[in-house]
Structures are given as C-alpha cells and as structure tokens.
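Taking it in order: structure first as structure tokens, then the write-up.
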Amino acid sequence: MIILLQVLFLSFPSTNNQLIASYLTQVKNFTDKDSDGFISIDVGNSAIYPLYIDCVDEGSYIIINNTQSEVQYFETKNYSGYQFYYVTYDLIFFKTWNDNDQVSYTIGSDTNNFNYQNPQSFRSINNFCIDKQAVINTINFTISKTTLQGVHKFKVVATNEGNVAIKNLTITGLKCYQTCKTCSGSLFNECTECFVGTLSNQGTCWKQCNNTINEPYLVNNQCRARCPLDQSLYLNGLCTSYPITNYIYIEIRQYPTTSQYRWQLVNDFENIQSLQNILFENYYIYGIFKNKQGYQRVINLKGNYGSYLIGIKLDIILFNQMPSGSRISLLINETHKAHIYHDGNQLKFDQFISQHHGLRQNLTYQNIDYNKNNYYSLYLYVNASSYFIIRLIGDYLTSEAGWAIRIIQITSGQCPQYCWKCDFQFKCSKCYDGYFISRFGTCRQTCQAIYQYQINQTHCLDFDNETQYSQYLSKEFIDLSLNLDTQKQYKMLEEVGNNFIKGEGIYYSIWKQNYRIFGGPYIWAQAKFERTYNIPNPHHSISISFIMIFGPQFPDDGNFTLTIDNQTQFEGMVVGGEIEYQQFYKHSLDTLIIQWECKSTEPINAYCGFYQYYLAVHYCKPGCSQCNDQNDCLSTITICEENQYLELFNSECRNCLPQCKRCTSLQNCLECKDGFIDPSLGCICGINQYQNNDYQCQLCPQSCNQCINDQICLECSKEHFKILKNNKCECQEGYYTDANNICITCQQNCKICTNQQCNECIEGFQIQNANDGCQLNAQEYYSTQLYKSIKCPMESIDSINSCNPCTNQSCSCRDNIINGYEQCDDGNEIQYDGCHECQFQCQLECTKCIQGKCFECATSGWYLDLNNQVQICKEQCYDGLKVGTEECDDGIYIYSGNCKGCKFFCRPDCQQCDYTKGECVQCRQGLIKYQNYCINNCGDGILVNAPDIAFNEQCDDGNLIEFDGCSKNCQFQCQKNNICEFCQDNKCKLCQYGYHLNMMNNRCECGQSCLVCDLSEGQGCIHCTIGYELRDKMCYPICGDSIITYHEQCDDGNMDIEDGCHQCQFICEFTCQQCFFGYCMICEDGYEIQFGRCIYTFSISQIEQIEHQYLQVQSFQYLLEYFNQFEDLKYYFEDVPFIESLYILQLIEIDDSNIIINQPEVVQQSFCSINCLSCLQGLCFTCQFGYYLDFIQNQCNPICGDQFLTVEELYDDGNNIVQDGCFQCKFQCQDQCDNCYYGQCKSCIQSYFFDINQRRCLERLICKEQDGYYYDDKFNKCYSKCGDNIKAGKELCDDGNDTPFDGCYQCQFQCELLCKTCLQGICQNCQLGYKLQNSICVNDCGDGLIVPNESCDDANTIPRDGCTNCIIDPGFNCITLKNKNFCFICSSNCISCDYINSKIICLKCKKGYFLTSNSCIQCSNYCEECVDNPNNCTQCKIENCQKCDNKEGYYSDFTIKKCITKCGDHITAGNEQCDDGNIINNDGCNSLCEIEKGFQCSNNLCQKIPRKSIEFDYQNSTLNPFEINSTLSLFNYGCEIQFQFFKTITEINLIHLTIPFNYTDQQRILEEYQITIIPRKQIYYSSDQKQQALAVVSTSNQLTLLLQYTGPLTMLLGGITFFWTILEILTWINNFYFFNIDYPINVKMFFQKFKWENIIFIPEFFSLNQPNDPYYFQAVTKFQEKNVNPLFINNIQIFIGLICIATLTYFLTLAIIWIYKKKLNSNQLKSHKIYIFTKCHNQVENQQATYINDKNQSLIKKLQELSFVSFFIFKAALDYQYNFWSKILSIINLFLLDVFMACILQLVCPKNNYHYQILINDILAISFLVFILIIYNIHVYVSSKHYLLLNHSLFKKKYLSIYETINYENITARKYCCFNLIRKFTFILFIVLLYDKPILQTTFCCLSCFLNFAFLLYQNPFKSKSTLIQIGLPDFCIFCIVLFAILIAVDDMIKILDFQQKQLVGWLIISLISMSIAVQFLFLLIEFINRLKAYFSSLKNICFHKNKS
C-alpha cells in the first residue's frame, strides 16, 4: 500500500488544452427558425435568418456571398481563463471566385482574413452538396489574449457571384501550467514568465516550499499549511484539483434557501437579537453576529461513509476590528477544532488556513458604523463521524464589532466523488452503484472505451492503470479540441499523389460530428507521418490504442501501416469501416518513434485516418533505473531515510513534515512523532495540548481541557471545580484556590470565601457570626435538588393538613410546593411543559435543558422558538425535513405543488382536492394534472393560463403542428412566407392572398367558411363548407341556394327585393323605424305595417283627389291627338301639375310612334322598388336617402359620390377621381397595377416600382452607373458601390478593389499596416524597424532590430556571416544576446545545437551518429541508430534486432526491416495457410499460399472435396411410358421434379415417389425417402382439338392488338368513354375464368391468352411471395392457372401505377398551363364575384361583382392568336386539370373489381405461417376494404343529391365520372350508380367464397347479373337509348355467359354434354364476348367519324382566315 500511495502522486489526468466552443459541426437540416444560432446582419435585410443550402445527407450549410455578405452568431460570447485561443473553421468555396477575394472572421477586435487563391486542380472536389464543384480550405489561427469577448462574425468581399459555405467552427483554449504566468504551451517547461521568481533556462517556473516550516504546500505559487478544498491533491509539487463531493453548500441569498433553513441561530441569552440576510456590496450575507451569538447545524450523512477527513470552507466578513481577547470558534460535537482570535497585537488563526483575504467597503447597519471590514476565505480538514453537530460560536467582548457569513461548504475531504467508502487517503474502496474504481482511486461512470476494460464489475482499468506505475504519454483526438502542444509534433516523412485538399499543413478533419481526427476525408491518402517521443524515465513497455478509419472507396490493394521503432506492427484495411487497434509493446529506450502510413489512391473517398489515440508508458518502480516489469528491477533501488519520502516527479528524497516520523508523500503521513496524534491530519496535538513555536506539543495550563495557547483556555476540566473566566480557568462559586492552585471547598452554604473564611453566603443564607458560618433564614427552607433556599408557604385555616416543608409536614407531587427531592412542582401532569412528575423536563428535541427551560434545539428539523412565553423547540418549516406535526415539507424551492406552510393544500386551479394527501383530483377546464400541478393542455383548443407555473399559453389551435401560427408549445409562431406576408415578434401582421388575419391568434386563417384549410403550402382553402363555393383559394357564399351560411343573414332562395331578404341580407325600407330580421316592426308616420312591410297610407281626401285626376285623364281623349311624338308628350306635361304628370307618365307607354295609356287596374298591380320612400299604386314619389328618383324609369338609383354607401355600390369615397382606389363607386387601381385587390394594389407592371407603404406604383428612378450610382430595386433608390473604381456618394476614394493597406480600403483612405503617419492614403513615416521606399514601408535590414519577415539582423551587411540580407544562412543558428543578434554554426554531423555559456553545444546528431563529448560519432554497421557507443544499438536493421535465420521458413528483408516468409519453399510459416512447394494456381494452394475453394490441405498436400449428387429415375405401373414424362431441376435450396401427362388424369391417380440419397463414393447415408403425390385434375386434348383452340388464340391476339391501337386513338380523336366501357367489359371477362368449372378448351385458351398487361403494360416493380420465401402461400387452382399471386401488394400494382400516371399527368398539365400563362404574360387582374342561384337555378352574375379588367380581353385575344395545335394542347391541359378528380374516380371504378378481389384473396387464402410480410399485406387489404367502403359512400352521396347540384360545374369537376352517362334528373336512375357497385362486389364475393361449390358459385353470380339486367329493363337509367344499348347489350351478354357457366358446372357434376356440345357452348361464349365488344367498337367508329368531320371543319376555317389575312 505504501508503494501504491507513492505512485498515486506520480500523475493525475488533466489537460490544459480544452475545447471551449463548437459551432456548425453537427449534420442538421436548417429551417427559417433554426440556423444553429447564426443570423444575417446585411443592411436592409428584413429576415434575420441567414441564407443556407440543404444538401440531403450532408445537412445544411450557411452561405455568404454578395447578396448576404455577413453573418454572425446571435449573441456575444465571453471566454476567459486561458493564455491564448486557437480558432479553426472550414470554408467551402463554390461557383465563381477570383484571386484575392476575401473571407474574414472576426470576434471582438480580432480579425483573420483569408484571401482566396485559385487552387491546383486536384484540390477541387465535385461532390460537395451532392453535385457541386467546390474548394475546401481549413483555416486556423491563434489569438494571444487571456480574455476573448465578442460576436463570431463572417464576412465576404467578392467580385463575382461566388458562394462560400461555413462549417466546423471550433475554439480551443490553452491554459498555462500552474506555475507559469504566461507560456507558449501547456507543459511545465513552456513558461515564458513566472508568477514568482525567475524563468529558468529550461523554460520552467518553480517555487519549492520548505518542509521544515508550517507552510509546505505550494498553492497558486503561495506556500500554505494545507491544500485547499478545491485543490486537495498534492501532485508533482503542486496542489491540484481533485473530484470531491459537496455534502453541504450554502451561499447566502436574498431570501433564505432550504439549505439555510437547516441552520440554526445560537442565541446569546444575555443579548438576544434576531438576524437576517443583508445585502453587502453586491452579494448577501447573514449576520451581523454579536457577543456570544453563533450558527449551528446537525449534519447527518445518512450512512454515506465516502469521506476521508471532512473539508470545511468558510467565507466570513469581520466587521470592525476584532476586540482584543475576542474569538470565533468552530466546534464539532462540543470539541474545539479551529479559531480566529485576537491576542492583543494581531488577528491570528488556529487550525484555520486563510485562502483569501481582502478589505471591504464601509457599512452602516442598525445605527452602527463598520469601517474596518475584512473578507476571509478560510478552510480546514477535520476528523468527524457521519453524524455530528457543527457550530460557529463567537465570543466578542463588545457589541461594536461583529461578523457575518457568506458561504459555508462541507466536502468529502480527501475522498473522491461518487464514493461510498474510503479506507485510505485519496483512495476509494467502494463506489456508488454503476460506477467503477479507476485510476487514482476515483470513481467513473463508464468503462466502455477501447482503452478500458472492467475487472470484477467494480474496477475500470485504463492503459495508464495497467501497472502501478503507468502514465499516459498521449491522449489525443478524443473530442473536437485541437491539442496545440502536439499538433506540431507530427512530422510528414513522404507524400505521393494528392493529399491535404483542405490546405497545406492541415492534417486533421472532423469525424462523426464529435471527433477531430488525424487525417480523414480530404486529408490523407498517400503520405507517411512520424512522431518521436522522449521518455527519459526508466520504463519497460508501452501500450498503444487508436481507431483507424477508411473511406468508402478505399482500394483493395491499399493498406494502413503502423510502425514502432522501425518495426511494422500492423498492416491492414477495411473498406468504408473502422478498425480498433490495441497493442502492448516492450520498450525501454529513451526515444520512441511511431510512424503511420496510408497507401491509397485519393483522399476524397479513399482516405485514411485515426482517432481516440492513447499511448501509455509503463514505468519502473520508484527508485529503479532499469527493469523487466513493474516488479523485476535490474538496478539498485533508491531508498530514502526514515523521515523522508521519494518525490517521483523529480526523483528526489524530501523530508516529511516536521511532526511526521514516516511518510510516503507530503500528504500521506504513516506515523507521527512522539507527542503528536492523527497522521491523517498531518499529525496534530492532542485535545488538551497546543503546538508551540518550535512545533512541539505542550500541555494546556492546569485544569484547562482545551486551549489555543498557554494564554487562552477554551474549556476547563469540570472535575477540578473550575470555570472559564476571561480565557482563564478559575474556581467556581463555593471554592477557593490554595497555594497549589487547587480548588478547595468553602464552608457549607458559602458562596465566596477566602481560605476557610466565608465572605458571602448563597441565596437564602446569611452570616450570623464568623464562627457559626452561613445560617438559613427562619422563613425559608433549603432545596437540595435546586441548591437554593425557598420561602416557606403561607399557612391558612383550611390548610392544616396541607404541605409545609418548613414544618416537616408530608408533601406530595403536583401540590405546587417544591419539597424533598422535587426539582419543580407545577401542579399538573402535562408533559414537556418544563416540569413533569416534579422533575425538570424539556421536549425530546431540546438538547440543552436548564431547570426545565430549553436553551438549544440541536435536532434536525427543529429550532428554538423564543417568541412564546416558554422557550420551546418548534418544527422548522421550509427545510425539507418532515418532523413533528408537519404534514409535509418540500423545502423552499422544491415546488411539488401540494405543500404550503408545511400543510397539504391544492392550487387554485384545482377543482377537487384530497386534502389528506394534498393531491389534486380534478383540474378546471383546459388544464390537466401533471405532478400535482394543473398545467396547460397544449393542443386541446382551449386557451387558458395556469398561474401555478411560469408557462402560459399564447395560443392553442387544437393541434401540435409546427409553423401553422401556433407552435407545439402553444406559443405564437411565424407561419411560412407563402401564408404570412409579414411577421413580427412571432406574430403575423399581414397575410397573403387567400388568408385573413385572426387578430386574436395573430395568425393567418381561411375563415369559418372553409372546411379544409391548407396552413403549410399556401394553397388557401381546399374544401369549403356547405353553402360556399371555392374560387381562387377562397370560399364565397352561394346566395340563393336556400342555405344560410356564416356570411349570410338570410337566404330565401330568391332575389326578390320586397320579401325582407335581399342579396342574403335582412333589409327593410327606409320608412321602417325598427327592423327585426327583415320584418318591420314600427313604420314612420304616414305608413302602416302590412305583412312586415311599410305601406303608405293615403287620407280620404288624397284618395278622392287621385281618383278625380285619374277620371280627368280618362276623359281627356283629345290627348291621343297630341301624343303622336314624344316631344308633344313633354310639351303637354309643362302645364300639368307634378303629381298628376307622374301618374300620367306611369300610365303612358310609347311604342314606336304610338302612345298607349294603360288601364288603371294594370297599374295597380305593380309595385315600387325597395328603395322608394313613398309609393302609390306602383308610382314612386320620393326615394330613400342616398338615392335619386328616375322619373322616366320610375325607379330609385344610388347617388355615386355622396360618401354614402348603398347596397348597389362597392365603395364610395366621395369623389370621382380616377385611379384613387374607387371610381364611379367601383374599385379601381392605377393602370400600372397588375394585381388589384379591393382597390388596393398588390404588385405593379415590370416598368414600375411598387411602394408597399403607399400601395402605389411609382416610376423607377434612373441611376447612372457610369457615374457610380446603381439602382436598388428593393427601396427604389440609387446607391454607390465601393469597388467599382468610381468615386461617388460618401466615398473618399475608390481604387476598384478591396485589398487592404493599398491606400484605399473600403472606399476610405488607408495606408499600409506598417505605416506610422498616413495622409490621404500616402504613407509619410514608417514604424520602427522599417524604412520608406517608394512610398512603401520595407524592412530596414541591418538596423539590428528583428521585425517580422526577418529571421535575423546582425546590424551589418557582411554576406555569409550567418545572417545575410536578414536571412539565416544554411547551417547557421541565430540567437539574441544583449539585444544583439549572434549567429553560429553547428559542428559536423550535428543537426541541432545551442549557444550556452559562450560555447556551441551540440544537442542532437543526425541519424546514424551518437553524441559524446560534444561530438557526433558514427554508429557501427549493425546499428541504424545507437547511443553512448557505436555498438549500443537503439534501432537495428531488423525490428527488435531479430535473427531471421533462427526461425524455420523466415527470411530477412532489409527493405521493410522485418523477417518475412516465402511462399513456395514447402514450409508453412507465419500467415501461410499452406505451402505445396510451388506458386501454381488452381492446384489447391495458390501463389499466395492460400487454400483454394473446393480443396482441403493437410501436411502441404491438397485434394478436392467430394461433391454431393442426386440420381433420378422413375418407374410406374399405371401409365405407359409415352403417357408420362418427368424432369429434374436442381436449385440452391433443393431440387424440383416436374411431371407431364399425355392423357387425362384425375385426383385418384396417386404418384408414389421414392428418393435414395447417395454420395459420389456410393456410400448410402439413408436408404430411401418416400413421398405420395396427389396430382391435380388435368384433361388431355388431342392435336385437332388444340388446333381449334389455336384459332381462338389468334382471335384473342388480334383483339389485343386492336385494343392497343384503339386506346391512343381515343385520346386524340375522342370516344374515351367507349374505350373505357370496353376495358370494363374485359375486366368482367378476366374474372369469368375464375369460375371453378372445366371450360371448353377454346374458351380456356381464350381466357388464358387474354391478359391485362397485353393491353396496358405496367411493369411489376417487385414480385414477392415466391416459392423460396418463408411465408409463401398459394391461391386456389383457377387463380394459379392464371398466375394470380394471392399476395395483396402484387395484385394492385397496375392500379397504383395508373393512379401514379394520372397524378403525374396532372402535374404535367399544371406545368403546361404555367408555361402558357408566362408566355402570354396576361398580368390579369383578379376578379372576385358572388354567384347566386335564382329560382330558375341559373347561375347569374351579381350586380355587386367587380368589373372585368380590359386586360382580360387582351388575354382572350392572345389565346385566339395561338396556333391550332398550341390552342389544342392548352385546352386539353386545362380540361384535364379541371376534371382531374373525376378522372381519378374513373380509374378507381374501372379497377374496383380487381382491387376488391385482391383484398378478398389476401384475407381468405390459407397461410402456413404469419410472417411479417403476411401481416403487412393483411393490414393493407383491410385498409383498402375501408377505402372501397369510402368509394361506395361517395356513390351513395352523389346519387342522393338534387339534380341541380349534379348539374353544377364545381360538382361535375369532382364526381362527373360517376354519373356521366346517367339521367340524373330521374331519382330512380340516380340509384343505379350504387346498385351497379353492389352488383360488382357481390359477384367477386361469390367467385372467391363459393369457389369450392361451383354450382352455387355460378348460380349466385348469375343472380347478381340478372338483377342488374332486370333493373335496366325496368328503368332506363341513361340519358339516351343509344347509351342503354351501349351498356345494356354487354350486360345482357355477361348474363348469358354466366348462364352458360351454370350449364358447364352442372356438366362437370353429371356429364350431360359431350365434347362437341361443350365446344359449341364455348363458341357461344366467345361469340357473346365478341358481340359485346363489337357494339362498343361500332359506337367508337361513329364517334371517330364525327370528330374527324369537326377537325376538318376547324382546319378549313383556320386556312380560310389565314388566306384572308
């Protein structure tokens, strides 16, 4: 164990190179909301998210270019605590780049510029982002700062349209070694400046503390008594970080935390005051403690023994100077452990170690000024059990000073984190479950790396733990960090071909997104690297491990080679994979050389690399200079003296601590010197001792039990009757001190005495005389229990028998009189009230009870409550400990939601609560229960906020879909740009066309009229609710359809004005004062209500006057003579009163030149218009407001321009200005607007600029580029462009480039970097070390100053003196001595030397030489390298200095320095599998000495392996040889035997098959295997019969050919309906074959040759369910003969294929229409119309529809100008797009039979096992059955609609194919759609389910066909008789065919037909099939002729117009 503890301090794993941050390293697909934290900062860019490209498997890349020239990270980063920072990132250039185009990276004030240079061709790659050609550069640079702050920013300055992608940005920080203030690397010998002392020549900073004083430990370059808690391990001369457990950590905050509530205030009962948390400076403290106040806590580690010593750290503030003699003590279980005290001269610390001290600002608190305030950070280690009480107790002599606490920390001391038990210092013996004991006794969670393995499931062994003295030499490429110390140590020895595509010197890349690897993609393919390690300490072996990677196209002849000390250790490869390599290698030399070589072809896809590189050295035991292993030492071991230990890191013997007798390290004392105890604490004095200035233990003063020194006692010995007063032990009352300082008892009852003379008696006694002593007062008695006198009780008359101790009467307990042995008597039996059973008693929780009064509650969960009359222990709420009467206690921050004030409760959102548990049973609506909270149920559609939690719903749209305006977290979220036009703060402000803004939900929606709204692709509304129609993404109400919608107040199915509902709005006359839903309730005066209308009421006199006037008109017959012309009529009216003229005008009609006067009764039947205010018998007198009266037409017309909007007007802006948005009360935009929406312009024509703020089209500004001004089409302004070589705008200069330091940079004057004084871009003066030459600052070589670009400067111009032209001459080295450059040259064969003490000292010789006496001597011929003498080889010509001749079959190969085998020497050695003495192939052992396939070798003799075979023969007893034939076929999985019969055979003809199994050597392994075969029924036909059938086949082929030509013709010439009917007939024919009957051969051949794929060939994409499949199953026989595979997915491929073709055609038509529209460039205004169904059910355009723009006429004109073919294509595409869904239904209807049959076959056919393929297809079949049910419901839905709806264009668009030929005006006819579908389904069910019963099968199928035919006879459901013939005749033929099938089925059973009769039936079936098809062809031919006539007529008209033009 001693040795183990020594090695413990050899090393501890730490790295000073740390990955600080990484960005853009992960493969992820960006979105507009997530771009890995980077944003765009281009001026004017409204979107903050940067441009990026998506590259599928590669993820997304952020790109910058001229459009987006700058991106940055979204927040500022701050990195500190490092010496310098290493930044690396990848730039991927693609598209066009020019030389010196620049990409810059900036963070804070630090910028790195990369100038692009066109690379060599091999550095260009072609597969970036799938197919882009690109150049990849890895950029790395160092920032020498200790603090780095700023924003990661990338900027591009390019002259072309090049793009650059950014990837793999990482920042690695380097920390100096602890002793270094500044450094060049992280190692201890890379210091450049020291904290303390002078830098050594070796680059080290070291301060060694003296072990003989009390501060031997070096902590942050300061000597301390112990290592602090956060650096508890003393390692390599320094206190180092070590993982420990924080048991308790309390940092005072504004409000007490749960941890603080567990601490208790220790009261000073003489000066009671409460304390609180106080804000001091910028943090909080608890205090201020005064006098004897303190702080305590009960610590219970709950069985966790994972501690070795307890570490305690305190941060306290001392306010005002501590008074002399005052102190603060730390006690563990009443034992003093440490103190802060003032000895009268200064403040001192006993056992406390000060880690930090600082002065603090003044404070005034509670009217006391605190001026001298000091902050102390103190720590110590103590020995304590798992349960103890810790106390901080003050003892201040005045109240003007005090102290406060900021931090208290208690740790596991010197036991590691996650450890259950430590038996030794820094050594865990048992870790937590799931953790492993690892190196240095720590506990780690995982043990799965390639360099680790487990031992007994408790220990994890690393390479550096294989022996007790192992240590890592390298631990690299384990994350994304880049080790700055080691990257430069990899030396490239040779390079062939293409490597390092990312840049010269870039040897690393990123692998698996989380590792930086050596080599890898684009880096390493054909190169060799070497790394040399110096291992000066004695060792015996090494362990090496790493993972090799290989590209996906690594060549078969390539390999990866590992060489150690010139000996090849590994050669191999694996294409596109990884190889884990581990090796234990014997090694004892001072130098270790490792080489890695990759032999491949190219680095893009055939690369090499390695990562997770671990190299460990296994050293000899301490003090051993040479060894074979850790135990076998070959030299003398260094032994230190008894009081010394061997410090391993510098191999020195150092003294133990002065108090320690034996130790293994400075921290690990094994035995203390005499007088000291507890080696674990470094040997301390005993409890009654103190340590003097000579580090010796001295006893405390007499009677003192604990003391700080001889002047300050802390505790007195109770047995000596002394108490502590003023830090001294003095005799207590009743005692006096004699000459020997011993306490002697005074006289009895004496309190204070001198010798034996009493000076003062105790209470109740008095001195009567000097001789009698202290006598008791006669009115009192003495209590021996209380040690005091008590007054006698007062006697009364009724208290004769009462207790009186003064009269010795008997007393008892609970009589309120203390007597005898009673300590108290409170007269009750109540427990814990201070007195119980007449004895003092406190609560059980009270730990300090004095005479029944509690003074301390040092019990967990309790505190001393001083607020009551009696001091009691009370439960401490909020401390997380449930005690006493507490129902619960969840702490102050553990928010479980059911505990408040340590009582159960429920939150306000809880509707029903169980208060016994504090459990919420039910939450209010919109909330759900979660961990006893009521939280929002996001996605339930209820917007509600729960006050119990911080999260609030901003929205809730009833789903969890992203980017629909409301995120899955119910927060506002921007929608996509094609839906939301403008979004701000995640709230949409402006929507795209087709959507409206929901102001409450801040998102774009389609509205309540939309049934299905697309919120993802911007298609607007997809389906509208009933009562609306879809037009251009929006739903418009159908006014007049009798359906009242959301946007309609009413809909009475007409457009009558006078019925209360007009244009679907309630309306009453203006004469109505109160209108209620279209019915007038109150009319104006002079009107009365009749049927809800206001009718003008005439008085009797008015009626008589009108009648009189009318009679006058009647009697004026002479008027007819004057009404011959209209002018005469007007002349007549001049003398007629106004009212009379109106009435006469109503009676008069002018027809041509005749004047007609209507009869009065005719006039009375007419009505006035709805806008008429006063009306009489159809004659309007006055109009409503906003209307004027047209006397001629007798109607009220709206007044346009009065700013009063009537129902006839779309808008009224009060003027008649053209193009102001409204003209003539209709919406109107500018002529330059090409998209007008309700008077607001959305976009302009190309030559105008659209101002989005003004919504106006403005003229585009003209910018003169020749003057340097360019047009900004985003803001319609001119701007200058820096870099165009034209000075314009605010530019000071413009030299046409973006090159810095050339006089003008970014159009501002700038001189070069080295210029000191610059004037308008011209340098006037240079910096020191440079001179001005041709206005350029150049190096001033020869001035003695070394500046960049100068490697030396010896202040002269002498050539070849070591420094020529400021360049070091070859072979020279230059150093700076006394500010001067001195150059020297190394001696011969020396490659490295140094100038030391005025001498040139050689440091290293070249290879083949060794260094001795400052000279390089050549090694012997046997050694490649040697040391000390020529024959002491360190590297031999053969690895490990082997002698190959000593091994049989091995030969020396000096080229590769290895022993190799030779194939063909007849000796099997090494990796040879065989060696037959030759290198001939195909003889069993090939030229590589590998056993060939099919051979087996033994003793270098190879033979072929015998093959198995099957012999086949057959015999039969029932058939003649010419009646049967058989064949044998062999397969990989077995064999197949087929039989062919030449006569009719049935199931009774059994076949018995006997199979013997033999090897080729005729040795039988199984005598025979018998199989009985039942053949299927097979009818044998003669050659004549087959000839007849061949004629049928020929007919079938001709029919198939005809159909193949007919299909395309129907698409060109029309008649697709007829061709569709033919296909449906053929579907029926295809299903007839599945009748389980024996068809005649002619029918059978016809059916077998006719196949769907012959007409419509769609290839099979896959073929499953084959005989060799494990799930193979078959259909019944008839289906097998038709090659029907019952697997569902095989049978729906044609159906799926046609659906896909139809869909692709649809998208093709969309593209065609888009091309036409773009070509025509219609710029058409969108017109919104409201269509209305009137009573006549005709679609008419409403009066309120917006006008059609004149540009529509231009579009029509352009369409008419198209050629015939172009117009035909456009029209066909438009028609297909319009009727797409109808065509899809046509395909579904055609294949419905086949799909239904596929479902039934899948579900009905028996299976052998339920393979996952079977289950998948079963699920698909059931799904398609549901789909078929949906199709049936669609048919039912369509057939149930009114014929007016069926005639509507929108309805036809979807469902026309269902009822296209149906007479849908007839209700019965409409039902035929559903009836025909049922007939098809039942037909298929009967075929499959009744297959085993042929007669029932055919009969029921015939019944379904008969019912269909009967329906056709009963009611013609079609539009015409021709259609009935077209469809009815085939149905009749089908019915007849099924009748014949019944006949054949009966014949199969009872044989009623001979062969000829059966053949005749077959011909009849074929004839019926041909007739049904011929009818369709006849109709098709007629259609062709009509179409051709129409086409010829069109062509004739076109030609005529062309000739005319």
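Heads up, the Cβ atoms here are built off N, Cα and C, so glycines get one too.
Note: TrEMBL annotation is automatic and uncurated.
As given in TrEMBL:
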DOMAIN    652-684  domain 'EGF-like'
DOMAIN    699-744  domain 'EGF-like'
DOMAIN    837-874  domain 'EGF-like'
DOMAIN    905-935  domain 'EGF-like'
DOMAIN    965-1005  domain 'EGF-like'
DOMAIN    1063-1095  domain 'EGF-like'
DOMAIN    1167-1197  domain 'EGF-like'
DOMAIN    1310-1338  domain 'EGF-like'
DOMAIN    1385-1417  domain 'EGF-like'
SIGNAL    1-17  signal peptide
TRANSMEM  1694-1716  transmembrane segment
TRANSMEM  1784-1804  transmembrane segment
TRANSMEM  1810-1832  transmembrane segment
TRANSMEM  1897-1915  transmembrane segment
TRANSMEM  1927-1946  transmembrane segment
TRANSMEM  1961-1982  transmembrane segment
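Beyond the transmembrane segment (1810-1832), the same-chain residues lying 6 or more positions past its ends with a Cβ under 8 Å from any Cβ of the stretch are 1664-1665, 1669-1671, 1673, 1687-1689, 1692, 1785, 1788-1789, 1792, 1795-1796, 1798-1799, 1802-1803, 1874, 1877, 1881.
Non-local neighbours of the domain 'EGF-like' (837-874) in the same chain are 262, 264-267, 269, 272, 296, 298, 300, 389, 786, 813-814, 818, 822-825, 829, 831, 881-884, 889; each lies 6+ residues outside the stretch with a CB under 8 Å from one of its CB atoms. Under 8 Å from some Cβ of the domain 'EGF-like' (965-1005) lie the Cβ atoms of residues 32-33, 936, 938-939, 953-957, 1013, 1015-1021, 1032-1034, 1237, 1242, 1726, all in the same chain and six or more residues away from its ends. Here the listed stretches are 1784-1804, 1897-1915, 1927-1946, and the one with the most C-beta pairs under 8 angstroms to the transmembrane segment (1694-1716) is 1784-1804. Confidence across the domain 'EGF-like' (965-1005), taken as the mean pLDDT and rounded to a whole number, stands at 89.
Outside the transmembrane segment (1897-1915), and at least 6 residues removed from its termini, the chain residues within Cβ reach (under 8 Å) are 1635-1637, 1866, 1868-1869, 1872, 1875-1876, 1879, 1882-1883, 1886-1887, 1890-1891, 1924, 1927-1928, 1931-1932, 1934-1935, 1938-1939, 1941-1942, 1944-1945. Within the domain 'EGF-like' (905-935), the DSSP-based counts of helix, strand and coil residues read 0 helix, 17 strand, 14 coil.
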